[in-house]
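Inspection log for the structure reproduced underneath, given as structure tokens.
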Amino acid sequence: MSKSYLMNTYGRFNVTFDKGEGTKLYDKDGNEYIDFVSGVAVNCLGHCNPSIVKAIEEQSSKLMHVSNYYWNENAMELTEILCKNSEFDKVFMCNSGTEAIEAGLKLARKYALLHGDENKKEIIYMDNSFHGRTMGALSVTGQPKYQESFKPLIGAVKSVKFNDLDDIKQKISSKTAAVIVEPIQGEGGIIPAKKEYLKLLRDLCDENNALLIFDEVQCGMGRVGSLFAYQKFEVVPDIVCIAKALGGGFPIGAMLAKESVASSFVPGDHGNTYGGNPLACAVAIAVLKELVDKKVVEINVNEKSKYLFDKLMTLKEKYKVINDVRGMGLLIGVEVACDVKKIINKCFESKLLLITAGKNVVRFLPPLNVSFEEIDKALGIFEESIK
């Protein structure tokens, strides 16, 4: 089958996968791989989870799409589950993380217009951040390599140093409409925000009548050991953006907000064609029931996180090539003092899938229901790659 028809926008590994089950992937020749990428934090319950497969089969034979001119029960049920398991009151449904970010940015601008003045438009973002590749999300992504070819981007945006208390104090002002931050910088190298930094952001936003937006696209939906990442940091934003694991492999995203903020939107302010469709929502409901009702997040993530961290710290003590082990839950970065791509490629050759984050960080993103045995097998391969 020809590869020539796909646009050249990704640097792909030389493998074509044909089947998946749990933490395993199989290529077209039947070779088995351990997947510690999880579709980049998407396949939170592994591949072809029975609950997800059942939801797709049942809903796809009943109703898949009706548009947002009409109500559908699955969208109502999903948004109720999300709100009842968070501090938020309203949900905007979409299809991806970058769409959720765009929705959050637009809501912040509309809120500022209604509750500030015409000059209150500024969005503050973090250096080294990543929020997506659409124009709005790209404009608040603090990595020039993604931005340079697409300037001019949207105006009235300003960057600050991540985790630097003094810098944000100096740059936030009455003109600031919102501050957007990842509780854990993912693409930037798995760098957690300091709790005191997020608390300061909350206080400064309140003082300046600005909104605080958390991008939990990668770190949310159970990945760090709580359903929402903000719950671990004990700082509640005004807006939170989620996607990836929400669909467990099926495209879906959402932007959640408090009623006082969400009410700024009126019909026509924002929308999309597929957001909240019955099929995607049925899948997300199935995912959340596994994560919450069956306590995958509460029990498995926290147990396996401690186990994986402890094992990686042992490797750090044993091998000088490991500079740091950091992260939270099952979002873990191992910073190395060598060419990180060589490690990734060695693991790939030994049938373990890992990816990079930042310049020299190996990113571990196993399914949230990963077993101790699968962790041991993956770490055995990883250790061989760093010897």
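In case you wondered, yes, glycine gets a Cβ from its N, Cα and C as well.
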Site-mate of Gly97, Thr98, Asp215, Glu216, Val217, Gln218, Thr273 for pyridoxal 5'-phosphate in Swiss-Prot, selected among Phe130, Phe150, Phe162, Phe309: Phe130
Integer Å distance between the CA atoms belonging to Arg133 (N(2)-acetyl-L-ornithine binding site) and Val217 (pyridoxal 5'-phosphate binding site): 13
Where Gly97 (pyridoxal 5'-phosphate binding site) falls in three-state DSSP terms: helix
Position of peak Cβ density within 10 Å, selected from the binding-site residues Thr98, Gln218: Gln218
Candidate recorded positions Thr98, Glu216, Gln218, Lys244, pick with smallest Cα gap to Arg133 (N(2)-acetyl-L-ornithine binding site): Thr98
Where Lys244 (N6-(pyridoxal phosphate)lysine) falls in three-state DSSP terms: helix
In the chain carrying Thr273 (pyridoxal 5'-phosphate binding site), residues 6 or more apart in sequence that have Cβ under 8 angstroms from it: Ser67, Asn68
Where Thr273 (pyridoxal 5'-phosphate binding site) falls in three-state DSSP terms: coil
